[in-house]
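Encoded as structure tokens, the structure appears first; notes follow it.
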Amino acid sequence: MVDDVDKEPGRESVSHQSLTSHVGDFQAIDPHSGVKRGLKTRHLSMMALAGIIGPGLLIGSGGALANGGPAALLIGFGVIGIIAFSIMQSLGELTTLYPSGGAFTSLADRFVDPAFGCAVGWNYFIIWVAVLANEYNVLSSIFVFWSDKVPLWGYFLIFWFAFLGFQLLGVTTFGEAEFWLALAKLLGLTAYFIFSIVYASGGLVGQHGALGFRYWHNPGAFSHGFRGVASVFVFCSTFYAGCESIAVAATETRNPKTAVPRAIRQVFWRIIFVYMGSAFFFGLTCPANADSLVNGSSRVLKSPMTIAIQNAGWEGGVHLINAFILVTCLSAVNSSIYIGSRTVLFMAQERKAPKFLGYTDPRGVPVLAVVFTNLFGALAMMNVSTGAGKAYSYIVNLSGVSTFIVWGAISFVHIRFRQGWAKQGRHERELPFKSLWYPWNAYFGLAANLFLALVQGWTTLSPFNAGNFVDAYILLPLFPVIYFGYKWIFHTRYWPLHEIDLDVGRRKDLDTVETEEEDAILNEYGHAPKKSFWKRIAENF
């Protein structure tokens with residue numbers, strides 16, 4: 001640490017310029033994973049706030065609305081939002097202290113058992129390849145809607161190669177693109193909320209009377225009673241999947257000490273504005289029994305936004321909504337490939353995936369992991385034989401149950417970390433970010449996710465549907481199969497609390513270099529440099 005360095009009287013001081021150069025070199029490539037530290041604080045903040053606004057939310061919410069009704073949609077988003085908030089508090093404490101490659105999968109190795117980390121990692125990878133396939137599905141469907149001169153598989157191949165090429169440009173390009181796309185998504189969603197208020201109030205040109213809460217009365221607030229409410233949870237968990245992805249991106253962030261806590265704190269506003277706002281206004285402006293909402297019989301996919309615009313009599317606005325959804329698709333596909341590739345990269349470097357997937361080129365790009373992840377986008381071609389609605393529902397169920405498993409695992413890892421921290425005589429005052437309401441929030445996150453993982457498919461039991469039952473529960477036995485298989489092959493241990501390693505990977509090296517740079521600036525100028533008004537605004541983003 002800087003404080004431990006003896007400052008000899010005749011020792012030559014290090015200039016601010018050389019320290020800045022040193023920091024730049026130090027931050028260029030992570031020595032453990034080989035990836036480039038190219039993400040800025042504003043990149044990570046915007047990813048946390050709006051990065052996962054995509055077809056899952058804008059189109060998939062139609063399936064939740066059709067199955068449960070507007071009230072069930074609000075309940076589902078609210079309940080899963082509370083769970084997501086508790087998970088992010090746990091993750092914030094872990095990631096701020098250990099912003100290392102592998103994120104919570106690596107921490108599961110250290111605080112629980114390497115076999116547990118392997119099972120968590122592969123389940124997390126499944127989430128993102130499932131989400132990726134859904135997004136390719138929606139993206140191709142939009143272009144088929146605009147022009148069917150090119151077959152659906154043709155559009156898929158065009159986008160597949162385009163996104164592959166973009167991902168190979170590197171993490172800085174990805175972060176910059178995500179920042180501006182996320183900003184566009186927030187502006188677009190805000191515009192729709194304003195439209196919804198005007199529409200519900202009867203303020204559109206040519207509108208006869210206010211819409212109000214008409215659709216809450218007819219077809220009703222609840223489409224299928226409690227059964228409908230229960231079915232909404234799987235949809236909603238898929239929409240929230242991704243809030244934990246900032247832990248994966250922390251390794252490629254230049255200043256995780258500042259960026260991660262800021263991004264974690266923004267999750268609350270994301271839940272309130274993005275998710276609860278969308279649930280309320282979708283249920284307000286779109287009837288739950290509308291044609292082409294996501295269901296098993298739909299051959300095309302329509303967003304509740306599209307249906308609301310059509311019902312308002314603005315047919316030309318459909319293309320505007322599709323263009324907005326297209327922007328969200330571009331961002332969502334981009335994010336899915338990024339998160340999936342980094343997940344499998346870190347697992348490969350820890351012997352949990354094929355070794356060749358752990359390769360990074362001199363620019364810090366995991367080329368083979370990117371290609372491998374993108375290959376799973378071909379699952380979108382289920383659309384050709386089953387129809388867009390069924391393909392979407394199949395993949396949502398897969399990613400939904402995996403989300404519950406991974407979130408529950410994060411809570412458990414947090415509990416084990418805190419138990420080990422106390423067992424080894426550490427105090428919570430030493431933590432740079434403290435989880436709110438620990439231990440209650442961590443135990444709540446663990447219990448809630450285990451419960452939802454077990455009961456999320458109960459609607460398939462009466463009447464029994466073999467296909468839907470398998471789709472809902474096939475991934476539950478996969479977790480213990482991976483866990484015990486890895487444990488049997490590599491003879492791993494479930495770590496006793498007193499043996500948990502709490503020091504490796506704490507990134508004191510980053511803190512040291514940052515402190516040296518700050519000290520050099522103070523020595524040279526006598527004060528910290530003043531920041532412009534616009535600089536402070538940008539940093540708060």
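Quick reminder: no glycine exception, Cβ is built from N, Cα and C everywhere.
Annotated domain 'Amino acid permease/ SLC12A' per TrEMBL: 43-492, in sequence order.
Here the transmembrane segment (46-65) has long-range neighbours at 72-73, 76, 131, 134-135, 138-139, 175, 178-179, 182-183, 185-186, 189, 231-232, 235-236, 238-243, 245-246, 249, 263-264, 266-267, 269-270, 274-275, 278-279, 282-283, 286, 288, 290, 293-295, 301-305, 307, 324-325, 328-329, 331-332, 335, 392-393, 396, 541, meaning same-chain residues at least 6 beyond its ends whose C-beta is under 8 angstroms from one of its own. What TrEMBL records for 46-65 (among others) is transmembrane segment.
Note on the transmembrane segment (71-91): residues 61, 64-65, 104, 216, 221-223, 228-229, 232-233, 235-237, 239-240, 243-244, 246-247, 264, 267-268, 271, 275-276, 278-280, 282-283, 407, 410-411, 413-414, 435-438, 441-442, 444-445, 448-449, 452 of its chain, located 6 or more positions outside it, place their CB under 8 angstroms from a CB of the stretch. Feature annotation from TrEMBL assigns transmembrane segment to 71-91 (among others).
If you look up TrEMBL, you'll see 153-174 (among others) marked as transmembrane segment.
Annotation source TrEMBL lists transmembrane segment at 186-205 (among others).
According to TrEMBL, the feature transmembrane segment maps to 225-247 (among others).
As annotated by TrEMBL, transmembrane segment applies to 267-290 (among others).
Positions annotated as transmembrane segment by TrEMBL: 320-345 (among others). Within the same chain, residues 33, 35, 47, 51-59, 103, 105, 121, 124-125, 128-129, 131-132, 135-136, 138-139, 142, 145-146, 159, 163-164, 166-167, 171, 174, 177-178, 181-182, 184-185, 188, 192, 242, 245, 248-249, 251-252, 303, 305-306, 309, 353, 357-358, 360, 366, 369-370, 372-374, 376-377 sit at least 6 positions outside the transmembrane segment (320-345) and bring their C-beta atoms closer than 8 Å to a C-beta of that stretch.
The annotation transmembrane segment is assigned in TrEMBL to 365-385 (among others).
The transmembrane segment feature in TrEMBL is assigned to 391-415 (among others).
If you look up TrEMBL, you'll see 436-458 (among others) marked as transmembrane segment. Counting same-chain residues at least six beyond the ends of the transmembrane segment (436-458), those with a Cβ under 8 angstroms from any Cβ of the stretch are 83, 86-87, 89-90, 93, 230, 233-234, 237, 397, 400-401, 404-405, 407-408, 410-412, 414-415, 418, 468-469, 471-473, 476.
Residues or ranges marked as transmembrane segment in TrEMBL: 470-490 (among others). For the transmembrane segment (470-490), same-chain residues at least 6 beyond its ends with a Cβ under 8 Å from one of its own Cβ atoms are 113-116, 118-119, 122-123, 126, 234, 351-352, 394, 397-398, 401-402, 405, 453-454, 456-457, 460.
For the domain 'Amino acid permease/ SLC12A' (43-492), the model's average pLDDT works out to 82.
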